[in-house]
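Worksheet for the structure shown next.
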Amino acid sequence: MASESDTEEFYDAPEDVHLGGGYPVGSPGKVGLSTFKETENTAYKVGNESPVQELKQDVSKKIIESIIEESQKVLQLEDDSLDSKGKELSDQATASPIVARTDLSNIPGLLAIDQVLPEESQKAESQNTFEETELELKKCFPSDETCEKPVDETTKLTQTSSTEQLNVLETETEVLNKEAVEVKGGGDVLEPVSSDSLSTKDFAAVEEVAPAKPPRHLTPEPDIVASTKKPVPARPPPPTNFPPPRPPPPSRPAPPPRKRKSELEFETLKTPDIDVPKENITSDSLLTASMASESTVKDSQPSLDLASATSGDKIVTAQENGKAPDGQTVAGEVMGPQRPRSNSGRELTDEEILASVMIKNLDTGEEIPLSLAEEKLPTGINPLTLHIMRRTKEYVSNDAAQSDDEEKLQSQPTDTDGGRLKQKTTQLKKFLGKSVKRAKHLAEEYGERAINKVKSVRDEVFHTDQDDPSSSDDEGMPYTRPVKFKAAHGFKGPYDFDQIKVVQDLSGEHMGAVWTMKFSHCGRLLASAGQDNVVRIWALKNAFDYFNNMRMKYNTEGRVSPSPSQESLSSSKSDTDTGVCSGTDEDPDDKNAPFRQRPFCKYKGHTADLLDLSWSKNYFLLSSSMDKTVRLWHISRRECLCCFQHIDFVTAIAFHPRDDRYFLSGSLDGKLRLWNIPDKKVALWNEVDGQTKLITAANFCQNGKYAVIGTYDGRCIFYDTEHLKYHTQIHVRSTRGRNKVGRKITGIEPLPGENKILVTSNDSRIRLYDLRDLSLSMKYKGYVNSSSQIKASFSHDFTYLVSGSEDKYVYIWSTYHDLSKFTSVRRDRNDFWEGIKAHNAVVTSAIFAPNPSLMLSLDVQSEKSEGNEKSEDAEVLDATPSGIMKTDNTEVLLSADFTGAIKVFVNKRKNVS
């Protein structure tokens with residue numbers, strides 16, 4: 001029959017609603033037949049078979065009666081009214097099954113409302129894809145038939161009958177589908193999704209055969225559910241917007257796989273337990289211990305190169321997570337300190353400012369104005385210490401710093417009678433007085449030389465140098481002259497450094513104190529820096545040509561870093577021009593001098609004192625300063641490659657020992673930062689806890705596994721380098737006495753072979769800690785370090801350690817006791833030092849050369865070339881192949897002082913059988 005075929009054809013749309021394609025022009029009647037049957041069967045399976053059949057018969061009778069009664073009225077209506085009537089009946093039937101049964105007889109009333117429905121359906125199209133496509137299907141199918149066929153009574157009655165039957169059956173089917181979903185346990189929120197999944201299964205066959213058609217309006221589904229479950233119809237609107245279109249469900253789980261894929265890419269670059277933000281991880285991420293074997297295969301030696309060092313920004317700010325830490329402005333934007341003002345607004349004078357600052361002596365508890373503390377402060381104090389003193393309002397007197405040494409000296413006369421000691425002292429003074437008088441008499445005959453000799457004897461007795469012009473004495477003497485030597489009381493020898501000699505004096509270049517010196521890894525270059533804001537590079541004579549060729553190679557190729565600073569270009573050009581000269585212009589008398597007398601190059605750019613230096617394995621150099629910046633240099637370039645800005649003074653820096661694309665910086669702002677040089681950013685950072693957050697030292701240990709920092713209050717804090725998380729800490733202090741309060745940490749040096757670290761502090765102590773249990777392995781005493789940034793370091797074979805001192809001596813200890821020299825000694829205490837006196841000011845830095853054979857070969861070969869007299873050293877050279885001398889018993893030592901003098905020592909120990 002025509003009505004049945006029309007109903008079957010129109011019923012194709014509800015099942016095809018989920019296909020989402022464009023609808024065809026032709027009639028999908030064949031497909032609609034199978035679809036209607038599937039929907040009907042699905043509804044019957046739920047268990048409501050009988051009520052549906054009865055509902056069909058009742059509704060059909062009422063439809064026929066209403067059609068006969070109103071047939072004349074229907075003929076007078078417009079075609080579009082008939083078209084919209086089907087939609088009104090569908091909405092009425094969906095809203096309430098009772099209305100669908102009783103109100104169908106009132107067709108004229110329904111037709112009056114049909115004019116509003118198309119506009120409302122158009123609004124629904126923009127809200128939901130399902131609603132839009134279903135509405136289009138309901139509009140188009142009846143209107144197409146109406147336009148193509150002539151309008152007659154029979155056709156319109158048939159269309160009305162089929163449309164009404166369709167709406168009723170559609171409502172019944174949707175109710176049954178919803179009930180089936182409810183039986184399966186869906187809640188209010190999950191019902192729309194369950195209905196979607198159910199329709200997907202029911203119409204699988206249609207999706208395979210039928211062409212793609214637009215989905216239809218699904219607004220009736222939530223309304224029916226709401227009307228059957230709750231009498232209040234206020235809830236249905238939210239569910240109407242809740243169910244998402246069918247296409248999104250497959251796309252909703254799609255994003256998680258993409259995220260997991262990106263995370264897996266990052267996981268391949270780090271260990272699984274690293275908890276680092278993804279923005280901090282790059283393709284060239286920091287090597288970890290677990291990645292060592294894999295990275296060795298891919299990139300045997302990850303290192304920094306000039307291309308990556310010069311790429312990107314020239315000035316990098318210390319921004320963590322995209323913003324300046326703690327909301328502070330970056331260093332380049334920080335305004336200079338404002339001069340304090342009085343209550344009336346007048347600027348205070350320098351005297352008023354100094355008088356207003358009260359500082360406290362930590363040893364005595366005395367508080368004095370800063371203006372009166374100058375005479376009580378230790379001589380040679382550095383500007384960093386003064387800055388910390390102003391911030392902490394604390395200081396340590398020079399006498400208190402030597403308190404333990406005084407106790408040691410006071411313990412000496414306890415073994416002897418006080419009267420006898422006084423008597424010996426008086427006799428010594430009388431003897432010295434006679435010696436001085438005799439020297440005056442000899443001066444008339446032999447001149448000033450005898451006086452200087454007597455003065456040197458006096459200084460050796462008293463270990464003092466008041467008004468002693470020893471520097472002028474040294475200038476007129478050969479560099480092979482032995483220096484003053486002293487040893488600890490009770491240390492009777494044999495000594496290892498009593499025959500040490502000065503072989504070169506590099507004074508006259510630095511204008512002011514030298515705060516730090518560092519050798520390159522190969523031992524051929526020495527970097528020194530300090531108070532004059534300039535970094536100087538000293539090259540060995542036998543390595544000058546190599547580095548000069550390297551520099552000329554880059555200059556001739558025109559490989560200049562982009563936008564170098566003008567002050568760096570101008571200054572370095574003049575400096576390097578004077579330094580670029582042949583190695584034959586040196587003084588022929590300085591045959592034993594290992595370094596060229598003038599610096600290989602000078603790097604200018606810092607605007608305040610330099611505090612620390614660090615070399616990479618391929619000749620990159622980092623310098624940190626009190627101007628709150630870290631600058632990157634390379635030995636082949638004249639200009640600064642990059643500038644890393646900080647918030648406060650940068651007290652310590654260190655290249656990562658295994659991957660020099662990263663470096664560590666410690667600052668007085670309390671933050672430890674791990675910088676990525678190629679990416680020009682802070683890769684990781686952490687902040688020190690506690691009241692005093694001043695970081696005064698930093699380094700790596702265990703071959704880069706841990707980063708260690710030292711603080712002003714005497715703590716050594718360890719961080720896991722992989723993600724810079726806190727690991728453990730050591731409180732560096734004595735158990736009793738004056739040093740039970742932690743003092744400033746000035747240096748941290750690893751002892752690679754034995755898993756230990758060497759810690760220098762301002763309590764005039766050097767401590768060796770075992771990292772396996774954080775126990776104290778050895779404590780070294782004897783030197784004076786109460787307020788300086790003096791730090792101790794190891795010799796090339798870790799047999800000795802050396803440190804400068806505020807008493808103008810260089811102190812050397814054996815790392816471990818030679819038990820053959822002592823009958824009874826504490827294994828965890830080392831008071832047996834050897835001292836060298838070669839400076840007339842505070843020795844601010846002292847280091848061993850990492851490769852002394854490079855320097856000794858020059859010395860020995862020059863002696864061999866003379867051929868006049870063969871020394872024992874030359875005989876040793878003959879016994880060794882390729883002209884390289886054995887260095888097992890030889891050390892090269894360098895020291896710098898508060899006046900800028902740098903001296904080079906060579907020590908050749910006696911052969912021990």
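The backbone N, Cα and C atoms fix where each Cβ goes, and this holds for glycine too.
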* Candidate set S71, S528, S788, S820, residue annotated phosphoserine in Swiss-Prot -> S71
* **Selected residue, Swiss-Prot feature phosphoserine, from candidates S197, S262, S734** => S262
* Where does Swiss-Prot put phosphoserine, among S126, S162, S862, S871? -> S126
* Structure fact -> Checked against DSSP, the composition of the repeat 'WD 6' (784-823) is 0 helix, 12 strand, 28 coil
